[in-house]
Each structure stands twice: as structure tokens, then as C-alpha cells.
Amino acid sequence: MSNVDEPLYPIAVLIDELKNDDIQLRLNSIRKLSTIARALGEERTRKELIPFLSENNDDDDEVLLAMAEELGVFIPYVGGVEHAIVLLPPLETLCTVEETCVRDKAVESLCRIGSQMRESDLVESFIPLVKRLAAGEWFTARVSACGLFHIAYSSAPETSKTELRSIYSQLCQDDMPMVRRSAASNLGKFAATVEYPHLKSDIMQIFEDLTQDDQDSVRLLAVEGCAALGKLLEPLDCVAHILPVIVNFSQDKSWRVRYMVANQLYELCEAVGPDTTRTELVPAYVRLLRDNEAEVRIAAAGKVTKFCKILNPELAIQHILPCVKELSSDSSQHVRSALASVIMGMAPVLGKDATIEQLLPIFLSLLKDEFPDVRLNIISKLDQVNQVIGIDLLSQSLLPAIVELAEDRHWRVRLAIIEYIPLLASQLGVGFFDDKLGALCMQWLQDKVHSIREAAANNLKRLAEEFGPEWAMQHIIPQVLEMINNPHYLYRMTILQAISLLAPVMGAEITCSKLLPVVIAASKDKVPNIKFNVSKVLESIFPIVDQSVVENTIRPCLVELSEDPDVDVRHFSNKALQAIDHVMMSS
């Protein structure tokens, strides 16, 4: 091929691959669009590549999705923002396809391009595109149009702005629920660009129409609009326009709408302000906490701490706490779990006396819940309660329940308890820990579940870091080393793992005098798994000890293991020897 024809080659390959039956080839060529555009140059990209893409109506959604994504970042390849309008036709076509994810990506790319375009181009090309889509015969075009108004509106001349508001209003009353849904979900973004007088009149009228829609899928999207519009309106207007809608939605006949209100209520409270929340929204929230649908109660229970923060403690105790007590014994385990994940945060809000009197009994009942997730959610937030009621009360009331969980038959519950032991240890202090929890930590090293044994070894390391090597030497090391003689090889492996984790914390002296002899003795074990784990441990601890110890003790042991009949033992011992040689050479 001559040099003259060479620039034609990439586009030829692209066209061939785009027409190929193999979807993967078509996808690859679309993903190489930027490379091909660079090879063609800006002018030929505008005149040949983009028109070709506009005409190419591939029937595979994956290819169209890739094209919609690529075109969103294509402005530099067509010659900058002054030529950005050439990218609109192919994306306009993609906005009308049936597959939702392709349309969404095309709208996202159009928004990205529109936000960079010159004002004159927006008026001449982008706004007409939005109008065409909004008047589209097929509902897909009208759905896509709703997501573009916020880009078109800010640069439009006054006459076009009036027209755009009117078109949006028509889309909100469209015959197709999918169009109304799209209009409802994009209303907040559009409203943010509209001038305040029109926001109060036109947009609020559109919003009120959507809140009375006969489709619950439209109404629940209008709930999201409540929070967005509430932040745009002044407080008095917000109370006048948004508050009645929220109160009505909290009693909506569709549980999905009530669920959305429960999910969004904190944001809505922020929009209307604390005073109105106390008088108007508390009754609505109490209704949601007592809703007959479990999903609504789950959403409401998950927001209980956030909601209490807006109220004063007296109101929270008077109105919210009775509901919390009911929820703690709810028939749905998921409601109890949602409550358990946030209830500890109520302690700082209510203060010490109310926590001891009202919340502690609820914590205890949730800690004894039959459903593991409920118990875990309580344990994970214990520190929030400790800050309020102090360690003595916490240990008297909650510790027996924690000890019970440490021996729970569900291994995931035991695992979660182990993970919180260092946190508990730092809160409870060393003396208390030794009395109540020390024995448990050793017990876990001989658990039947590998994940528990692994976590127990990690736990010992974290405790040694928390309380220091001297404490570990007295309370951990002797018990750990005793277990190396356990008849079951899996437990002996756990001890080796614990030694490798503890060695860096304990330092060179204790490692050489106490830990290393046990590891060397284990190299004589009959089980190959123990022997290759000895190699791994020696590899991990040799940097801690002196070079003389490495040469006199560790290397001879590894050399002996490198001649073992078992292939894995030989592999890991040679790997450890190589690591030692590498360090010696570099030093």
C-alpha cells in the first residue's frame, strides 16, 4: 500500500469490522474510535467517521452502548468545541433506541458535550435537538429528552425558556408512564436551572401534577423531587409547597411511595428546617415506623438516629423511643437488623440517664436476638455507648451477652466478635480484659472453622500491639506455645501462623529465645503441611533476627527441609532460602 493511501487504511478496517458478523470485532472497532480518529485527523473525522457512525444502525445493544460512551469524550478528536455540533446527530439517534442503558449513556454523553458547547451552538443546534426529541413519535425519544433540559435551559433566550418550560410540563402529562417517570426523576436538575419566580409558579405546578399521578412509580420519583426542590426553595415557600406533599406521601396508598418517604425523610427534614420537623414531620415519621409493611419499617428504622439528632432529647424520648421499643421486637428480622445498625448512635443524642434507663434494655434484647446480623450490628457500635455510660455499666450489662456470642453456634457471629475484641480491649482496659476475655481468645485458636482460627491468630497480634510485648509475654506466648503439641495438625498450623504474626511485635530477643525453637522443632513434624508452613514462618521471621541466628539456626533447618521427599516442602524451603540469599546479597 502506498503512503498516499495509508490514512484510508484505518477507516477501511473500521468499516469492515463494523459490518462483521462477529460482535466482538464490532465492539473492538468501536472502542478504538479515538485511535482511528487520531489517525484520520480532525477534518476527516468530522466529514467521514461521524457521518458513517450516524448511518450505522447496529442492532446490538452492547455495540451501541460502547458508541454512546465513546462519543461523549470525542470533542478533542473533531477539532474542539467549535465543531462539537457534529457529534449531536449520532447521539440523537442513540437517544431513540429501545434499550434503556444505551439511551441513558447517550443522554449522559449529550449532557457532557452540551456543557462544553458554545452558547450560540447550544441555541442553534442543542435546543432544537431537545425539542425534536421531546416531540418524538416514539416514547423513547421523549424519555431521553427529559434528561437534557437542564443543559439546554440555562443558555436559551427568554422566548425559548418559556417554550422549554411548557414542553417539560407537557412531558409530565404524557400518556406514557415511562415518560412521566423520566420527567419526575429529572425535575430536580431542571428546577435548579430555572429562575426563582418561574420555579415557584411553573415548576411547582408541574411538581404538584406529578405528586397526584395515578402511577405509584411516578409518585415515588416525585418524592425524590421533594428533597431536591426543598433545597432550592426559601424556607417559607418550602413549608407551604413541600411539607403538605410529604405528609400526604407518608400516608400514600402505595407502600413503595411510603418507603421512598421513609428513605428520604432526613433530607426532607433538612429542607424544611428543625422547627417544622418537630411540629409537622414527627407524626409522619412515627406513622412510618409503625407502618404495616416491613420494607417501610426497615427504611424508617435505618434513619432513627439521624432523625433524633434533629429533635431535642425530650421529643425523641416522648415520640420516637416508644416506636424503637416496638421495633426491637418486630416480627421481621430485617427491621430488627436495620434498627440494630443505628440504635447505638441514639445514646449520645439521648444522654446518659435515658440511655441507661431506656436504651440499655433494648440493646440487651437485640444482643440476644436469634438472628445473627442483629447481634453483629449491636456489637460493631458498642464504642458509641461506652462514651455515654462508661465502662463499668457497659461491662456489667453487655459483657455477659458478648461472652455468650463468642461461643455462638454460627461461625460468622464468632468471627465478628473476634474482630471487635481489640476494640473492646482498648475500651475495657488490660485488667478487665484479662479477667473476662483472655481465655476466650485462646479458645478460638482451637475452633473447628479455619476462618475463626485465622482471625484468632490475627487477634492475638492486635492485642499484643495494644497491650505491649511484656503483657503478651506473660499472657499470650506461654499458652500459644503450649498448643504446638496439639494432636491435630490443623491446630498446629494455626499456632505457626500465630507465631509468624507475633514475632514482629515481640522483637528479636523474644523471637530467638521463645518462638524460634518451637518453629525449628516443628520442622521435624510428620505432616508435610506443617513442614512447608515452617518454611513460610522462617521466611517471614528471618529479617527480624540477627544474621548469626539466620546462618546458624534458620538456614540449616531450611536446607534440611529442601531435601524433603514432599514436593511442596521442597518448594517452600527453597523459596525461603532464595529470599535469605537475596537479602544477604543486597546487604
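Cβ atoms are placed via backbone N, Cα and C, with glycine included.
Features of the protein shown, as given by TrEMBL:
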REPEAT    10-48  repeat 'HEAT'
REPEAT    164-202  repeat 'HEAT'
REPEAT    203-241  repeat 'HEAT'
REPEAT    242-280  repeat 'HEAT'
REPEAT    281-319  repeat 'HEAT'
REPEAT    320-358  repeat 'HEAT'
REPEAT    359-397  repeat 'HEAT'
REPEAT    398-436  repeat 'HEAT'
REPEAT    437-475  repeat 'HEAT'
REPEAT    476-514  repeat 'HEAT'
REPEAT    515-553  repeat 'HEAT'
REPEAT    554-587  repeat 'HEAT'
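Same-chain residues lying 6 or more positions outside the repeat 'HEAT' (320-358) and placing a CB less than 8 Å from one of its CB atoms are 282, 285-286, 289-290, 294, 297-299, 301-309, 311, 313, 365-366, 369, 371, 373-375, 377-378, 381-382, 384-385, 387-389, 393. Here the repeat 'HEAT' (437-475) has long-range neighbours at 403, 406, 411, 414-415, 418-419, 421-422, 424-426, 428, 430, 483, 486, 490-491, 494-495, 497-498, 501-502, 505-507, 510, 514, meaning same-chain residues at least 6 beyond its ends whose C-beta is under 8 angstroms from one of its own.
Helix first, then strand, then coil: DSSP counts for the repeat 'HEAT' (554-587) stand at 28 helix, 0 strand, 6 coil. Counting only same-chain residues 6+ beyond the ends of the repeat 'HEAT' (476-514), those with a CB under 8 A from a CB of the stretch are 441-442, 445-446, 450, 453-454, 456-458, 460-461, 463-465, 469, 521-522, 525, 527, 529-530, 533-534, 536-537, 540-541, 544-546, 549. Residue counts of the repeat 'HEAT' (437-475) by helix, strand and coil are 32 helix, 0 strand, 7 coil (DSSP-based).
Across the repeat 'HEAT' (281-319), the model assigns an average pLDDT of 83.
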